[in-house]
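Reading through the C-alpha cells given below for one structure.
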Amino acid sequence: MDLRDFYLLAALIACLRLDSAIAQELIYTIREELPENVPIGNIPKDLNISHINAATGTSASLVYRLVSKAGDAPLVKVSSNTGEIFTTSNRIDREKLCAGASYAEENECFFELEVVILPNDFFRLIKIKIIVKDTNDNAPMFPSPVINISIPENTLINSRFPIPSATDPDTGFNGVQHYELLNGQSVFGLDIVETPEGEKWPQLIVQQNLDREQKDTYVMKIKVEDGGTPQKSSTAILQVTVSDVNDNRPVFKESQVEVHIPENAPVGTSVIQLHATDADIGSNAEIRYIFGAQVAPATKRFFALNNTTGLITVQRSLDREETAIHKVTVLASDGSSTPARATVTINVTDVNDNPPNIDLRYIISPINGTVYLSEKDPINTKIALITVSDKDTDVNGKVICFIEREVPFHLKAVYDNQYLLETSSLLDYEGTKEFSFKIVASDSGKPSLNQTALVRVKLEDENDNPPIFSQPVIELSVSENNRRGLYLTTISATDEDSGKNADIVYQLGPNASFFDLDRKTGVLTASRVFDREEQERFIFTVTARDNGTPPLQSQAAVIVTVLDENDNSPKFTHNHFQFFVSENLPKYSTVGVITVTDADAGENKAVTLSILNDNENFVLDPYSGVIKSNVSFDREQQSSYTFDVKAVDGGQPPRSSTAKVTINVMDVNDNSPVVIYPPSNTSFKLVPLSAIPGSVVAEVFAVDIDTGMNAELKYTIVSGNNKGLFRIDPVTGNITLEEKPTPNDVGLHRLVVNISDLGYPKSLHTLVLVFLYVNDTAGNASYIYDLIRRTMETPLDRNIGDSSQPYQNEDYLTIMIAIVAGAMVVIVVIFVTVLVRCRHASRFKAAQRSKQGAEWMSPNQENKQNKKKKRKKRKSPKSSLLNFVTIEESKPDDAVHEPINGTISLPAELEEQSIGRFDWGTAPPSTFKPNSPDLAKHYKSASPQSAFHLKPDTPVSVKKHHVIQELPLDNTFVGGCDTLSKRSSTSSDHFSASECSSQGGFKTKGPLHTRQAL
C-alpha cells in the first residue's frame, strides 16, 4: 500500500464517521400533486427540539434553513421560525420525479432534502426523506392507437395471440388492472395472463373457426382500465388480419436467457446468439427474428438484433448508471401465426467510468460564487453541505472526500455520503483575506477517478486590531524659549485592519497643554513657549484610535526634554547672609557657607563665587562657598564684619549677582567676675547689736565684661555663716540680718562669698571675704585688723570660731590671765587639737574629691536658707573650690579700710551692668534667627581664651594654710579660677562650653607670703 492509498483509506474512514449529536433523520409520506402550502411536518415537534438553552435557561431563537442547490426549484419549503414544512407551487409529480424506473408497489418513490438548525450553539443537520405516494393521475395507454394482428386461417379454436400491453405510469392499484374487448363479434375473446413480475399481458382468443376467404379482416376495440379512484381508461383499435396457414412454429432452445456485458463494451460487441428451429421446411422453415412488442424503444436503441441469425449486438454505448438491466423479448417467426418467444435479460456490469459527483449546497448563501465570512466567526461555523455520490457500484462507487490543501476548514461527516464544510480554527483577516481551495471526491476504482469542487471564501474585516505605534516611548528634545507652533515630530501608528477600521485619528492625553497634535497627520507642535526652569520635562500620552465599531485604541508615551539656555542669573538663597561665630575662633576656621543657586543647567549653572570688598579678613572658596576666617575673632574688639559676595555663572554670555554677608562674633564666657565692692579682702563692716532683722549690713558687687548670660552674676555665702545670722541676696549681693544679734554673736564673723556667672555650660566664679564685726562699737580698729589677719590662718571651709573661741572685745590683760590660768592644761589642749585637726583633714580631703562646692553653689540650698525663720547651726562645706594665694598685710590705719556703714553708691556705668538693670534688648542675640544661614555652626574650631592665670613662680607656703588675695585699692579684683580652660567651639552658636577648674588645696600652717595684685 503506497502513501496515496493510505491517505485515501484514512479519509474514507473519516468520512464514514457520523456525528449523531448533530445529524438526525425524518421521514414523511405525502401524496403527489398536492397544492401549495399543504403542511407536511413540523421539525422541532417531530424531533422534540427544545428552544430553551440548557446552560442559561433562556429561550433561544432557532433558525431553520433549507439547504438547497443554486438554481433548484424547491419542491418543499421550511419556515425559518417554526420549522414547519410546506409544499410549494412546484407540483410534486411522482412519475416525473421517478421517471425511468420501474417502481412496483413495494418500491418507494422519494426525494431527500437537508435542513440545518442555527445558530451554531444549537446546530443540527436534519436529513428529511419524503416518500411520494402515487395518485391516479395517469390513464393506461396502449403503445399505439391501432394494433394490427395477423392470425392464420387454420388457427384452432381457443388459440391465443398476444396483444401489446398497455402501460400506466401509476403504480400499484392505480396501474393497469383490466382489459376489455369491445365488439368482439363473438369470433374473438380476451384473456389476461399475469407474469411473475406482476405484469398483465392481454391475449386474443380465437373462439370460432376462421376462413380468410370469407373474411380476412376484423376490426374491434380493446379497452384498458386502471384501479384508481376515479378510474381511468383508454382504448385502441384492434385490427385482426386472417392470413394463410403455416402449421409448425419455430422453437427456441432456451426461452429464458440471462447474459452479462460490461458497460464499456464497444459498439458491435456480440451480446448473445439466439437460435430457434422450425419443423417446417422450405419457406415455412425460414425463421425471422424480431424484437417483441414489449421491448422498450430505449432498449431497441442500445441493442441490434440480426433478423436472420438472431445475433444481438451492441449498437450504442451502454451506461449501467442509466439502465443496469435490459429485458429483451425476441420472437422467432417462420411466417406462421404463432412465433416462438424467448426472453433475454441483459445485465450491464459496472465499469469505473464515472467520476464521483460533488453536490455542493451552501448554508451561507454565496455571492457570485464566493462565501463571505467574518473573521470573528467562531470555530465550526457551518459553510456548506456537501453530498458526494458515484453512479458506479461496489468498490467503484466507494467515495472518499477531502480538502486538497491545508486551510482553516475541514469536512465533518454527518451521513455516509454527506459532509459539513466548517471552519476548523479562528480566522484572521490580517493573516489571509481570501481562501480558494478544492474539495476532492475520489472513488476506489482502478484506476481511481476523482472530482473536485472549487470553494471560494473571502473574509470580511472586523476591527480586532488596535493601532500600533512604531515606538511605545517617543523621546524628543527642544530648546527653551522656542517659538509657538514649532514642529517637533510626526507621531505615526499603523493598523493591520482595513478600510475604516484602519483609519486612525490621534489625540493628546492629559498634561499636554503645551502641545498641539494634528488628529489626521500626527504632527506634534509646540503651542507655548517652554521654560526649562519651570518644567524641564513633559511626559504625556498620545492615543491612536481607529474608526472601527467599536473603536480600538492604543497609547504611546511622549517624553519631551527641554534643553537649557543661559537665561537665569545666579540667585543667592538670601540677599543678606548672617553667620554667628564664637570669639577666639582660630584663624582659617570655617565660619559659614554661602549658598547660591542657578535655575539653569549644565555649564550655565556652574557658579563661581568671589569676595568684592573685604580687606582679606576672610577667604571664600569659589566653588563650595565655604567662608574661612583669615583673622582671630575677639568680640570685645570687633563684634561683626560685613562684605559683599559676587556669583558668576559659566554661561555665554555669563550672568552674575551679588549678596551681602555679615559675620557676627558671639560672646564666649572667657571672663571671670571682677569684684568692685568690698574694695579689699581685709575690710570689715560693723554690725551693731541693735540692728534689726532684714536690714542691710554689707554689700558685695561685681561685674563681668562678657555679655548675655555670661555676664549674669549670682552671689552665694559658701562659708562662715554657720549660725545662719546673715543672708545674701543672690541677685543684688546685699547682705542682710536674718535674725537679731545676741550677745553670743558679738565678735568677728568672716563670710566667704562666691560670685559666679551663669555662663553655659560651665560658669566662672570669684571668691571674696566679707568681715562683719558684731558689736555696738568698733573702738579699736587695729585690734580688729589684727583679728582679721589672724583669721587668714583658718581654712576657708571652716568658721573662724571652730579653731578658737570667738574673738571677744576684751583687753589683753584678761586674755593673758586666761592663758596663764589654762597653762596647766595646754598640753592636753594641744593633744586634743592635733587629734581633731588630723581627723578633720582626712575627712576634708575625701569630701574634696567627691564634692566640688556643690552645697553652696546650689540655688535650691539658698532658697532653703531663705525660708528658715529660726537660727540653725549649719555644717561647714566638706570641700572647697577656692584658689589660694598669698596676700600682703594691709595697714590697719589705712583710710580706705575704715568701716563703711550702708550700701555703696556705684558709678553709673557699673549700675547699667548690674543684674537688676541689665538691658536684654541691647545684648547680642543668643540664638540664631530662624532664617539665618549660619552653616558655619557645623565646623569645629578651638582657640585658647584670654584668662587670668597664677604665675607658676608664685611663692606658695610650705605649710597647709588658707589665705585670700587682698583686694587692691583701685577696685580691681584679681582672683577666681586658678586657670581658665580652653574654650572648644563646636559651632557658631552661643551654646559652646567654657570650663573652669580649681587647682590647689589646703596648705599646712606656715609662714605667710604676699603677692601683689596682677
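Even glycines carry a Cβ here, placed using N, Cα and C.
Some features that TrEMBL has for this protein:
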- 1-23: signal peptide (SIGNAL)
- 33-142: domain 'Cadherin' (DOMAIN)
- 143-252: domain 'Cadherin' (DOMAIN)
- 253-358: domain 'Cadherin' (DOMAIN)
- 365-469: domain 'Cadherin' (DOMAIN)
- 470-572: domain 'Cadherin' (DOMAIN)
- 573-675: domain 'Cadherin' (DOMAIN)
- 687-784: domain 'Cadherin' (DOMAIN)
- 812-836: transmembrane segment (TRANSMEM)
- 849-882: region 'Disordered' (REGION)
- 866-877: compositional bias 'Basic residues' (COMPBIAS)
- 984-1001: compositional bias 'Polar residues' (COMPBIAS)
- 984-1014: region 'Disordered' (REGION)
The domain 'Cadherin' (365-469) and the domain 'Cadherin' (143-252) contact flag, 3+ Cβ pairs under 8 angstroms: no
Helix-strand-coil residue split for the domain 'Cadherin' (365-469), DSSP-based: 4 helix, 55 strand, 46 coil
Helix, strand and coil totals (DSSP H, G, I; E, B; other) for the domain 'Cadherin' (687-784): 11 helix, 43 strand, 44 coil
Structural state census, the domain 'Cadherin' (143-252) (DSSP three-state): 3 helix, 55 strand, 52 coil
Residues of the domain 'Cadherin' (33-142) by DSSP state, where helix covers H, G and I: 12 helix, 38 strand, 60 coil
